[in-house]
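One structure is given below, encoded as structure tokens.
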Amino acid sequence: MTERTLVLIKPDGVQRQLVGEIISRIERKGLAIAALELRNVTEELASQHYAEHEGKPFFGSLLEFITSAPVVAAIVEGPRAIAAFRQLAGGTDPVEKATPGTIRGDFGLETQFNLVHGSDSAESAQREIALWFPSA
């Protein structure tokens, strides 16, 4: 069964010119890029995307970071796309939890600047895709 997930290449990934490497890894995993867009993120979109973190101490810095420079937003499709991309991304903390061979393990430096976002469930994927790609 084909599944869809939202993938974001965050500002640090775009600024460090890792977009091609990350997309290549997604495709080599056997996943397909169904939609791809470079965009500047508004504070409104960022607030909606990260709504579950509102009120947490890091919320303001998270919004500041994600709106600081362009991101690449993509709809990624394939069998078990959500779990497959999360495995490819690696643990959220790129130093302590992401293993070598993952995007974060190979390129990440800090927890906040961890290069990519991938939906964590089918429900999140549906909500996030609707936010980032309303006509999809």
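Any Cβ shown, glycine's included, is placed from N, Cα and C.
These numbers come from a predicted model, not from an experiment.
Residues Lys10, Phe58, Arg86, Thr92, Asn114 are given by Swiss-Prot as ATP binders; from Arg4, Arg104, Arg127, that same site also lists Arg104.
The local packing around Arg86 (ATP binding site), expressed as other Cβ atoms within 10 Å of its Cβ over all shown chains, amounts to 19. In sequence order, Gln112 make up the list of same-chain residues 6 or more apart from Phe58 (ATP binding site) whose Cβ falls under 8 Å from its Cβ.
Candidate binding-site residues: Thr92, Asn114. Fewest other C-beta atoms within 10 angstroms, Thr92.
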